[in-house]
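A short worksheet on the structure shown next.
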């Protein structure tokens, strides 16, 4: 990422040209020394450009995101550096009848030229975390693309290039052959990426979103549950793929939970969340209007205030939401939390299982009996096998007070 890059990144033709040139030249990217030097260079970039990155995020979405955009990436780099030597070793395997006279082992080989397509909600994290895996795996070339919100170009070595843009640029990139594609984004775009990869038989990782359910048992610690729901739903204004998307609970629990949620929102963001320095904004007018249209679902119990000029949507809770309501038809990806009432835990599990698999399932209960069965009776999923480092974990998450 960086050869001749301006603030808008390289053109598609330039990025593809760099990839083609690198594929045949063999830049020595397999050597452990090269991988280490590139990872260390990436870490230095994050240190040296920390403030410009934070300033860009703040001006873009009013994000205060050192944790998610810088610290988590540096943690991934450190993890790769600490484990690189063991990852690179040959893995000896048991021999069968056919290989009795051979030395049998698995050698981890790089794929080659890799395309990383990242989204806008975590524009640095979701490009650089996959890039860490690409570098650690010794790939010849990483070509980044997809998000127009990358704050500044990276300047590593000539085997990396960045393309900033949207659907048009991504479509152009996908017309070319890559050896591996890593995509983070919506299922709708994921289908397009997968279809393009199939034309070249290109392996890929799809890290997609989904409507992540939360079940709240009747005996749960109300304030503890409220704190975690508000934090998860409102972090980055809800524009996070593993954010809680909707709550399932009994009607009695709904009425008990609402005051606790209202208290937590005030505690986290003050009486006027719009004035809070910790509450982000919606990324674009298009996304603002889409989320605003969902506010007619159910009963407005908390929040609901909007400001189109600022692309502000208040932390909002919708009660008595029906499965047919618009808020239940798509991933919300905003600071809006619908509550759907169910009579018991069995109905909650059935509700989840008859829908598309979510990226995560959150269960709140006061004892292990309330959570133990969820991993066996519900399913969550996200992606095909990854590069050296895996994408976000996809499993049933059981949170207990």
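Cβ from N, Cα, C; glycine included.
Unlike curated records, TrEMBL annotations are generated automatically.
As recorded in TrEMBL:
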- 207: active site (ACT_SITE)
- 241: active site (ACT_SITE)
- 30-138: domain 'Aldehyde dehydrogenase' (DOMAIN)
- 159-375: domain 'Aldehyde dehydrogenase' (DOMAIN)
On the domain 'Aldehyde dehydrogenase' (159-375), the mean of the pLDDT values is 92
DSSP tally for the domain 'Aldehyde dehydrogenase' (30-138), helix/strand/coil in that order, comes to 64 helix, 9 strand, 36 coil
Taking only the CA atoms, the spacing between residue 207 (active site) and residue 241 (active site), expressed in whole angstrom, is 9
The number of other Cβ atoms within 10 Å of the Cβ of residue 241 (active site), counted over all protein chains shown, is 24
